[in-house]
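Just below is one structure, and these are the notes that go with it.
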Amino acid sequence: MKFRFATWKDTVMMVVGSLCALIHGAALPLMLLVYSEMTNTFVAYELEIQELKDPDKECNNNTIYWRNGSIYETAANNTVYCGVDIEAEMTTFAYYYIGIGLGVLFVSFFQIDFWVSTAARQVQRIRKTYFRKIMQMEIGWFDCNSTGELNTRMSDDIDKINNAIGDQVSFFIERISSFVSGFIVGFIGGWKLTLVVIAVSPLIGLGAGLMAMAVARLTGQELKAYAKAGAVADEVLSSIRTVAVFGGEQKEAERYDRNLVEAQNWGVKKGTIIGIFQGYLWCIIFLCYALAFWYGSKLVLDTKELSPGGLIQVFFGVLIGAINLGQASPCLEAFASGRAAAKDIFDTIDREPKIDCFSEEGYKLDKVKGDIQFHNVTFYYPSRPEVKILNDLSMQIKAGETTAFVGPSGSGKSTTIQLIQRLYDPKEGMVTLDGHDIRTLNIQWLRSLIGIVEQEPVLFATTIAENIRFGRPGVTMEDIIQATKEANAYNFIMDLPQKFDTLVGEGGGQMSGGQKQRIAIARALIRNPKILLLDMATSALDNESEAVVQEALDKVRTGRTTISIAHRLSTIRNADVIIGFEHGQAVEKGSHTELLERQGVYFTLVTLQNQGTSNTANDEATEACEEDFNVNVGNFSHGSHRSSARLRSESKLSNNFFLDALQDSITIPLDKELTPENKCGDDEDVEPAPVARILKYNQPEWPYMLLGSLGAAINGSVNPIYALLFSQILGTFAIDDLDNQRDQINGICVLFCIVAVTSFISQFLQGYAFAMSGELLTRRLRKVGFQAMLKQEIGWFDDPSNSPGALTTRLATDASMIRGATGSQIGMVVNSLTNIGASFIIAFYFSWKLTLVIMCFLPLIGLSGVFQAKMLTGFANEDKKSMEAAGQVSSEALTNIRTIAGLAKESSFVESYEQKLELPYKYGKKRAKIYGLCFGFAQCVIFMAYAASFRYGGHLVSSEGLHYMFVFRVISAIVTSGTALGKASSFTPDYAKAKTAAAQFFKLLDRVPKISINPSDGEKWDKFWGEIEFLNCKFTYPTRPDIQVLKGLVVSVKPGQTLAFVGSSGCGKSTSVQLLERFYDPDEGQVLIDGYPTHTVNIPFLRSHIGIVSQEPVLFDCSIAENIQYGDNTRSISMEEIVEAAKKSYLHDFVMTLPDKYETQVGAQGAQLSRGQKQRIAIARAIVRNPRILLLDEATSALDTESEKTVQTALDEARKGRTCIVIAHRLSTIQTADVIAVMSHGAVIEQGTHDELMSKKGAYYKLFTTGAPIS
């Protein structure tokens, strides 16, 4: 199963390691044999001392005689043994201990070393095989598996396997061996008592098992309960714009809080139940002590079957066995998660790729002309099988010609290029090269014929020369220089200080777009390709770079089959053939002039682009237009409904404001060097938060904390009390008088029972109180955190690190982690402190000398505890660090897999990855040695401590007459407290995590939003008219600082007028609406409302006068009535008003046909309703507000003709008497507007009424008369 990557050498090492683990496991029970012998020695010595107190007795030949020479006999006619040389005996025992200790050191070192190093070797192999296999997979597989997921698999899942085949196995073997040998030792000592103890031990096991089950179930319940609140948070954060528009922040925070109550109650239940079970466990353990000692002492005193040492041997033998059995179970967990992880990974390793780039099969043609033909190709991406991208496409591309593809986004242009490279295979039909189906050709060879320059060229994080070498292995420097000259890159490279050795940075981040593009062209040229594919190779450039790159491309096109996809006419005009695409089919083909006559797809493109050049009134616009005017033609064929799943999914992502429209028309000013510094602002390490501040949030719960601490204190003192009672029992065996002995033993057993009950109560107290305080804190933090999130400005949510997913996780995990720093943590501290304090008091009180000797070992024992804790956590971090280099290679490879496949460079990445793995592997082997040593040391230190302290104890007993009972008392008190110390220190990781989580959290709470929604900030006025003016507004989205969206927008609307914006996507229409809503503030210029600049206006006041209906209206998962009520969150809205608004928006009749009428649930995001119904609810929601300003953002674009008519009527009704801004795709819907503004590239190029614009015969006229679709 998991060991399928082990060689015979590994197997031998694993077998030896297992043997060592077996021996190691038996060491502790072995020690018990020595321990019991030692106890017997002490008891015999004590009896002798007591007898010899009588001056009439003396010791002779190891038997006690009366002074008169007759043998002394006890009441039971037994002779009394004497002459125990305690010092000598103790020395022998000390040697035994040291021997066992050294043995343990030795075997535990090998146990760890062998297992860890074989695991490292196997994991190394798994990693290599896995990565190699991933690099072989076809691209379609990558579409279905996100690179992020693959990266985590490479790190986390393989770590899990490592865990499951490494030290965990040896621990498991060791613990099982302890379990078995513990029981054996018990049976050797005395079978009756062993059976009695075994009979009650299932109770302990049962308790532990039940607790694990209960905790798992309750955690599940708690997560489920929180999931509801989490769903609320997710819904709110993903539709934050709608919440903001309708001022629903407070309402949502309360709805979230209501859902938190349930999670809180489950959490308290969980804490309480854990408390009860912990209490039950301790209670049972102490009751077992009582029973065992009571019955055992009966066997020792009445039937004489057991020696006192035998009693200890049996009892501890069984106890050690039981504890080790319990500790073996976490290992099983590691095995289970390891197996689950291995299944995923081995499945991938066993999967056969559909297109194997490493395969040697397939023909290599001797001579290639470069004719490419598509025969009835149908294709859809494996990740989205429901969307046909290419629909029965047939076309021919002649060798040596330049063919240009034009058409709207999503019509399948780039897809054809990927099919030519054979990144995918078509579902039906075939692609041929010179008449050969490319599926029959050798892949590496085919790809070596093709040079590709993409829109966003991917460079690898190495030097310029290396990047160009990726094009073809083994090229000389001369070739590289030649290629850069052809690509117009030579001059700029020579200007750089390091010339060809300049590092381009992660993803080419140090280079400007034009420079990257030219390096990519050089990389394509150095292959001397037969076929050159240019996928929008110049679209990301500004005018100057474009000219240079374009010139480079024109130079190299000659004599090659070239396919170019472009949006700018300048780049297409001189193509030999132009093919127009629409909906996955080639709809028109011909030269520039032929296609203009057809007035189809190509014509629309040309019209819109030439507009700016003929109109010189606005320089700003001219420039903008000559630049890239990416037109998504044809997504809205005139008047028919819109059916493009791709755009739909995009608009969902961008929260219904068509931000992604910018996608293809990105223009980057290339003077700014993008350095990594300005990429990541938010990831700097956060200082851990001060505990005081965390506690401050927990203030109201102080009574609970007090109670909990009290419980913890009692729990802490249980261990020392146990040491007292235990040694007391040993002491009783040395009392002559049987009755006295019995009374004492019974008394002690009763005390044990009392301790049991107390500890039950105090554990319960600690569990309940801290759960209560912790859950209340978690809930409070979640609520505060959620409110803080809702206060942020919209720009903050655009940052990918604040995506709804990330924020909801932060609410879920950070808040519950912070608990770790307060309640339970305080409990641990108090517990450990009382434990250690009480132990020391007892120890010093009974024998300070012995205590001092043992204290020398305390640091070592404590250290061994710390070691064990550190081993589990510390190594993990260092591992991660050493894996980082390999991780970078793998993530770079997976992110840019398309480019690598296009260059056929998979194998070089595999090699580089394997090379990077060497270091962590060497490190892992070294680590195995260190880990083994530490582990061995930690294991043997306790044996050494016993050796020294009992030896010295023996000395004190013989020379200073110390009662041996006190020796045991001191030693067990200190040793238990030492282990407690170690345990307490192992709790620190949670604590550190909690502090960092808290710091992250407080950072969110302390962030001051750039746009405050505080009801008291800003001005309000009485008569709100709704006059709007945009004065020279310039704006860039904060997440994309390099793209200016609005470039000096000037437009105004009088109260009660309707303004319509027309223009292609990405020209800034929706952006202007968002500025008006004050989601963002303009970088320069102002937006005035009634003459007040918006940034001085009170936001809730401003937004309360604006109603919005957007393209994809966001509905919340509640009833229709509640969704309409959402329109005004400042007051409660009566049913009459709802019906009134519904009638105005033509919604009422439809609602009345539903079984639940207004109480109908709309489902998540309104999924139960059709688009038209959702749209009308959104309109009703806007009307209920009774706003002065109505914003309609493509409100009807997503509807079919019938719903559109209804909705349009509803909108015309709603517009009466209000200022209105309409963004429209269909010109028919805006003819009645008072002002029509045609926008291009963030500025208005012409404005006026419908008639004025028609008489101008400008852009609007052309659009209107040809009926060409705009978008």
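Cβ coordinates are placed from backbone N, Cα and C, and glycine is handled just like the others.
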Given ranges 169-189, 988-1008, 1177-1197, the stretch to which TrEMBL attaches the annotation transmembrane segment: 169-189
Stretch with greatest number of CB pairs under 8 Å, the transmembrane segment (169-189) reference, 12-35, 94-116, 195-216 candidates: 12-35
Tertiary contacts of the transmembrane segment (279-297) (same chain, 6+ residues out, Cβ under 8 Å): 193, 196-197, 200-201, 203-204, 207-208, 211, 306, 311, 314-315, 715, 718, 722, 725-726, 729, 732-733, 741-742, 745-746, 748-750, 752-753, 755-757, 759-764, 767
For the transmembrane segment (12-35), sequence-distant contacts whose Cβ falls under 8 Å of one of its Cβ atoms, 6 or more beyond its ends: 3, 6, 93, 96-97, 100, 103-104, 107-108, 110-115, 117-118, 169-171, 173-182, 184-185, 188, 309, 312-313, 316-317, 320-321, 324, 939, 943, 946
Confidence summary (mean pLDDT) of the domain 'ABC transporter' (372-608): 75
